[in-house]
Amino acid sequence: MLFYSVLIVYSILFTFLTWKNFTNGLFLFFLLLPTYLIRLNLGSLPTTLLEIMFWIILIVWLIKSKSKYQIADNINQNKILFAGITLFLISATISIFTSSNLRAALGEWKAFYVEPILIFIILITTFKKIPHKIIYALIVSGLVTALLSIYQHFTGWQVPYAFWQNHNTFRVTAWYGFPNGVGLFLAPIVPFIIYFIIQEWQKLKQKNWLLITSYLLSAICYLSAIIFSKGTGPLLGVLAGSGFLLLVYKKTRWPIIIIGIVGIVSLVSLASLSKIKQEIFFGDRSGQIRLVMWQDTLNFLKDHPLAGAGLTSYSQKIVPYHSQVNGENIEIFHHPHNIFLTMYVNLGLLGLVSFLLIIFWFFKTVMSNIKYQITDNSETVQQCNNVTIYLISSMIIILVMGLVDSPYIKNDLAILFWLLPALLLITKNYELEK
């Protein structure tokens, strides 16, 4: 009873805040992304604290926003993107009815597809230029998650047995209950921290050293938490995203190419790096499990090439195709740990095609927005000040992680994914209006 009383008071206060200052409401929403883990029932309807905040934001937006009708202009100017979004939603809706659990499928449809896309629409019709306040909220949310993970690393506090004492894995989980949740959330935010560091550093006379130091410490905390969670995908993602940023900047282009070549040669030739090589090339137990899981999934998709499994149904429908790994019985996971296979099995062939269409629009738009300068250093600096470069870096991180995991199938991850095309579209519209 006390919980629901507090919830009612919080909802009233959040409604008042959002009504008075819509941007502050969005700031708090992104700051509290992990509150999707606070689950409750309103009557017979399951929901989360984050979802309650979302519906308050949506209702206020519908009532107060004068720019919501401008969505038509965005559609006309970005036909590929909105065609992809339409097909994405259609495939998700169809996949409700191919699911083996209608109630669970409706919940996933709402939380992973409808609500994140509505947040995308709210963002692009609310902001005329990059909303730094929203990115600040994300960074702070990630920092609190990182600090909790670091504390867990030294204490083991609230880490489930399976990821701590069991086999002495000692992997941190923050509030997610599983290690990969830490890296999947933190890694795509790292480029935004770098963006703000560069922004402050390039202020010739008014450098805010306290702010720069805060961002640097935040980046260290993020990387520490990702390392302590021992997720290969997020680590490789951060390396790929950071490597891209270093390649873009003229002064670091050749050094990073040389470092990359030396690193690859060392990885292939040095026996001392064999453990890392095994992990990267799927030679360890985790890698072997993924290879078998992907093969099982492909075998399933050969028999169900159009519809896939439907929402929330992969773990049930993959059972006849499930194989042992080197003679060991392995648990069946909820998704095939690959973002493209996950989209295929969840949404069918149409869903996969629509997802690829959205990704295609993203990179096509980015490439048309960025002015590559390779001769004039001042123009290169201006280029590295362009937020779109950091959006690419963040998307690269998501896609690299997506090779070995599914950095979409969680409430916060789905919203984080749709934030990137929203920010890109806001940037594009701003440049067109200048």
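Including glycine, each Cβ sits where the backbone N, Cα and C put it.
Please treat TrEMBL annotations as automatic predictions, because they have not gone through curation.
Using a Cβ-Cβ cut-off under 8 Å and counting only residues 6 or more beyond its ends in the same chain, the transmembrane segment (7-33) has close neighbours at 40, 49-50, 52-54, 56-57, 60-61, 64-65, 122-123, 126, 131, 133-134, 136-138, 140-141, 185, 411-412, 415-416. As annotated by TrEMBL, transmembrane segment applies to 7-33 (among others).
Residues 7, 10-11, 14-15, 18-19, 22, 25-26, 28-29, 32-33, 35-39, 107, 111, 115, 118-119, 122, 125-126, 411-412 of the same chain lie 6 or more positions beyond the ends of the transmembrane segment (45-64) yet place their CB under 8 Å from a CB of it. Marked as transmembrane segment by TrEMBL: 45-64 (among others).
Within the chain, the transmembrane segment (80-99) has long-range Cβ neighbours (under 8 A, six or more residues past its boundaries) at 74, 105-106, 109, 112-114, 117, 120, 307-313, 346-348, 350-351, 353-355, 357-358, 360-362, 364-365, 421, 425. The transmembrane segment annotation in TrEMBL covers 80-99 (among others).
Residues annotated as transmembrane segment in TrEMBL: 111-127 (among others).
For 134-154 (among others), the entry in TrEMBL reads transmembrane segment.
The feature transmembrane segment is assigned by TrEMBL to 174-197 (among others).
Annotation comment: TrEMBL describes 209-227 (among others) as transmembrane segment.
The feature domain 'O-antigen ligase-related' is assigned by TrEMBL to 218-356.
Residues or ranges marked as transmembrane segment in TrEMBL: 233-249 (among others).
Summarising the annotation, TrEMBL assigns transmembrane segment to 256-276 (among others).
According to TrEMBL, the feature transmembrane segment maps to 343-363 (among others).
Per TrEMBL, the feature transmembrane segment maps to 384-402 (among others).
Residues or ranges marked as transmembrane segment in TrEMBL: 408-426 (among others).
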Contact call for the transmembrane segment (343-363) and the transmembrane segment (134-154): at least 3 Cβ pairs under 8 Å, seq gap 6+: no
Residues in the domain 'O-antigen ligase-related' (218-356) grouped by DSSP into helix, strand and remaining coil: 103 helix, 2 strand, 34 coil
Feature contact check the transmembrane segment (174-197) with the transmembrane segment (408-426), CB under 8 Å, 3 or more pairs: yes
Contact between the transmembrane segment (174-197) and the transmembrane segment (111-127) (at least 3 Cβ pairs under 8 Å, separation 6+): no
